[in-house]
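All remarks here apply to the structure that follows.
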Amino acid sequence: MMDYLADKLTQWIKAEIQKAGALGAVVGLSGGIDSAVTAALCKRAFPDHVLGVIMPCFSNPQDAKDARLVAETLGVPIETVNLDEPFKWFVHRFTGQDYDVHCCDMSIVNIKPRLRMITLYHLAARHNYLVVGTGNRAELVVGHFTKYGDGGVDLLPIANLVKCQVKELAEELGIPRRIIDKAPSAGLWFDHCDEKEMGVTYKDLDHYILTEEGPEEVKEIIQNLERKREHKKFLPPIPPVF
Ligand SMILES: Nc1ncnc2c1ncn2[C@@H]1O[C@H](COP(=O)(O)OP(=O)(O)OC[C@H]2O[C@@H]([n+]3cccc(C(=O)O)c3)[C@H](O)[C@@H]2O)[C@@H](O)[C@H]1O
Ligand SMILES: Nc1ncnc2c1ncn2[C@@H]1O[C@H](COP(=O)(O)OP(=O)(O)OP(=O)(O)O)[C@@H](O)[C@H]1O
Ligand SMILES: [Mg+2]
């Protein structure tokens, strides 16, 4: 089943990129499973035209090591763009203070994924590639991404897969075990953990998405996030012609 899915998604990526008249794919490599799976599919679609981009921004150094492990395993070339300096500039300009890795003010930390988006679009345009996003179905349902940050992409090949399906696909694609077993994190602050921030586990989130069932308190958390962040899934509202 997963080999069939891998082939289908590979063909889909190839067709979409060719339809756009582009030559390949740029993928941000975080050292996490979603970007590993996305890069693996892109590599299958375009063996010689995938660029992995590692963009540390006051990140845990282990993440860049993991990203390099993914790139080596897949045979994908990488470019590293360190975003500490531009991010530091924004933080100082907006807060008058030095950046603290424990800061979880969203108006500040969302600048990180937005700087990554700028970087990826530059590299994509330079190579005539598309920016391939890594969002999965669970993240999209609860809006667990930064609008016009990691949400600002051209294609979303794994957006119909919940997290446990991404894991199964990762096994099929030969993603290293330590990447598959890593706790999901957006890496926006020190020790950032997706499940802790959302207040719900991916296991419960996946189960709710697939069955619409689960404990009442879990459903309530998910439905609140869905409502609050629904706007991220659409183009900005436009008024009618008055
Ligand atoms: N009703 C509405 N209609 C239209 N626009 C609306 C709106 N409500 C807010 N907005 C706009 O949306 C903004 C808030 O959205 P946004 O900027 O995305 O910010 P927000 O949803 O507050 O934060 C991003 C979330 O995504 C998570 N994340 C980010 C990056 C990567 C990953 C990952 O898993 O790797 C996860 C992060 O941990 C956090 O939970 C507001 O500042 C406002 O501009
Ligand atoms: N340090 C980084 N360098 C390059 N790209 C990054 C970095 N941090 C985040 N990204 C990009 O942002 C995307 C969103 O991050 P997200 O955490 O959802 O995915 P992941 O790290 O691949 O998997 P997981 O959700 O399990 O942590 C990543 O897939 C990657 O494309
Ligand atoms: Mg991550």
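Here the Cβ of each residue, glycine as well, is placed from N, Cα and C on the backbone.
Please treat TrEMBL annotations as automatic predictions, because they have not gone through curation.
When Cβ atoms from all protein chains are considered, those within 10 Å of G32 (ATP binding site) total 22, not counting its own. Residues or ranges marked as ATP binding site in TrEMBL: G28, L29, S30, G31, G32, I33, D34, S35, T134, K163, S185.
Annotation source TrEMBL lists Mg(2+) binding site at D34, E139. Reduced to three states, the DSSP call for E139 (Mg(2+) binding site) is helix. In sequence order, D34, F145 are the residues of the chain that are 6 or more apart from E139 (Mg(2+) binding site) and have a CB within less than 8 Å of its CB.
The deamido-NAD(+) binding site feature in TrEMBL is assigned to R114, K147, D154, H231, K232. D154 (deamido-NAD(+) binding site) falls within neither a helix nor a strand when secondary structure is assigned with DSSP, and so counts as coil.
Residues or ranges marked as domain 'NAD/GMP synthase' by TrEMBL: 7-230.
Of the candidate binding-site residues, G28, S30, G32, T134, the one lying closest to R114 (deamido-NAD(+) binding site) when CA atoms are compared is G28.
Among the binding-site residues S30, G32, H231, K232, the residues whose Cβ sits under 6 Å from any atom of ligand 2 are S30, G32.
When averaged over the domain 'NAD/GMP synthase' (7-230), pLDDT in the model lands at 98.
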